[in-house]
Amino acid sequence: MPDSVPSDSVGIVSPQTIAFNTPLELACGQTLEEYELVVETYGTLNEDASNAVLICHALSGHHHAAGYHCADDRKPGWWDSCIGPGKPIDTNRFFVVSLNNLGGCHGSTGPSSINPATGKPYGPDFPVITVTDWVHSQARLADRLGIQQWAAVVGGSLGGMQAMQWSLSYPDRLRHAVIIASTPKLSAQNIAFNEVARQAITSDTEFHDGRYYDFDTVPRRGLMLARMVGHITYLSDASMGEKFGRELREEAFKFGYDAEFQVESYLRYQGERFSETFDANTYLLMTRALDYFDPAWHTEGDLARALTPATCEYLVLSFSTDWRFSPARSEEMVNAMISARKKVSYAEVDAPWGHDAFLIPTPRYTDIFTAYMGRVARETGA
Amino acid sequence: MRPDLEIIQQWVQRGQHVLDLGCGDGTLLDFLQRERGASGFGLEINPEHITTCMGRGVSVIEQNLDSQGLDNFDDGMFDVVLMTQALQAVRRPDRVIEEMLRVGREGIVTFPNFAHWRLRWGLTLSGRMPESNALPYKWYNTPNIRLCTFKDFEALCKQKGIRIKSRRVVDGQHQNSWLARLWPNLLGEIAIYRITREES
């Protein structure tokens, strides 16, 4: 953290764990008898609880979206650029709720949690969770916090899918859905990348069919590879080119196969760091949740028809160089919303960083986000 | 509100579903939503305008008419499609008009008249491309690439079997003077047309 708390930061925050003991029926047919969710909140809930905003995280995200956990923290939460006093999601006006999703590895119940039935970590016995399951669990969290209707449900990438699902599963419980750098469903190419990541993990000899906790080891190599391949899809060709080009770590070729190019050592570093903090089973689960998401599955692929129940207004944003979930995928979503006669606004923001652009503040992105959320605040009395 | 928008809003009925092509900062749609209970979308490409629309609660889609057309809108899904002061800036006005009347039952179009006497006079006297309040650009930087006269527009409508429901011709101050009514193609600076494919 900087020497003092910046004026536009939510400051030092601490997560809380909330336990649920009403069984949660899941899409896969299994039931979670009890579970815990780790949550952070920023700002103050107003008297009529009309100013609440739910933040839904992406693949590797968690509850710590803004502020610092302690004065020694090197970095703030993952979406600190957009959440805080005077920022697009203005904590002077909104009560912001951010959680670690079920199946996660940052404190909420997931594959690395202890299975009460066995006294050992769930591992591969943890059920596959879908976006819809997450939304149901988030609705229970809203009940617990006394929030009948969100002013907005906001998310980027996989988080955007949750925002969209909210509008279908609980149409009267949100006024706005903000869907950033997302897609109505994964393409074959998207699923292919996920499959490579999963194969990297499950073929690691340390994986032990997902029971690596029992062997006191982790499939570090596999997780690292999974993250490396994922990371490539988060960046654009241009941004990688700008950052690394063909730059070598040393002056000349060594005619070997170690990391000689800067981009190689960068990817290795990112992968290694990730493999030290993330759970492999959670990675499998999150990628599967991505694969399965398809609201139009029950309407013969007709997304407009799938959107029928929605009553909220939508803001959809895409980024020009995002090739993981390209602007065309957002436009698919927008066109279905138009066809279904929903209220929707859409912009494609010019940004060089590929999919990662949703985490990086650029003037236009910030302006749009601020303007839209400002209007949400006015409308909801926030 | 701009006087031409003042005239247009009178032609939009309560609760109608409206599409505004080149909606600018959303002033008109905002008004129609609040005062007429209208719903609908604006299309815009100017980033500042898009942000303003979003901030005031006007549904706006970033969409370029030239490259994307209106393919993403279903037949007859709007009651009215508006296009104010943008017809002369698209690459194929004829196609845009066709599309307007595909997605909407009625179109309202405004554009500057290139046969206005001051423009004719300017060209005759100076021998240079005319400029005016309605067309304040140089020939090399103007966004207005498809200028036409009222007669041209009406000929195009006739050729396409489009019926002109009504026409209001105004001068630079958007006043509907008796002179402009008498010799619209000479004295009218801006025209507001209400067009449809439906029989009267």
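Every residue, even glycine, has its Cβ placed from backbone N, Cα and C.
For A:S157 (active site, nucleophile), the Cβ neighbour count at a 10 Å cut-off comes to 27, with all displayed protein chains included. Following the DSSP three-state reduction, the secondary structure of A:S157 (active site, nucleophile) is coil. Among the features that TrEMBL reports, active site, nucleophile is placed at A:S157.
In this view, A:D322 (active site) is surrounded by 29 other Cβ atoms within 10 Å of its Cβ, with every protein chain counted. Under the heading active site, TrEMBL lists A:D322 (among others).
Summarising the annotation, TrEMBL assigns active site to A:H355 (among others). Summarising the environment of A:H355 (active site), the number of other Cβ atoms within 10 Å of its Cβ, over all protein chains shown, is 23.
When Cβ atoms from all protein chains are considered, those within 10 Å of A:R227 (substrate binding site) total 24, not counting its own. Positions annotated as substrate binding site by TrEMBL: A:R227, A:D356.
Sequence annotations record features per position, and here TrEMBL assigns domain 'AB hydrolase-1' to A:51-359.
Packing around A:R324 (site 'Important for acyl-CoA specificity') is summarised by its Cβ count: 23 other Cβ atoms lie within 10 angstroms of its Cβ, all protein chains included. Residues or ranges marked as site 'Important for acyl-CoA specificity' by TrEMBL: A:R324.
Between the C-alpha atoms of A:H355 (active site) and A:S157 (active site, nucleophile), the distance comes to 8 Å. For A:D356 (substrate binding site), the number of other Cβ atoms no farther than 10 Å from its own Cβ, over all displayed protein chains, is 21.
A:R324 (site 'Important for acyl-CoA specificity') and A:R227 (substrate binding site) are 14 Å apart (CA-CA, integer value).
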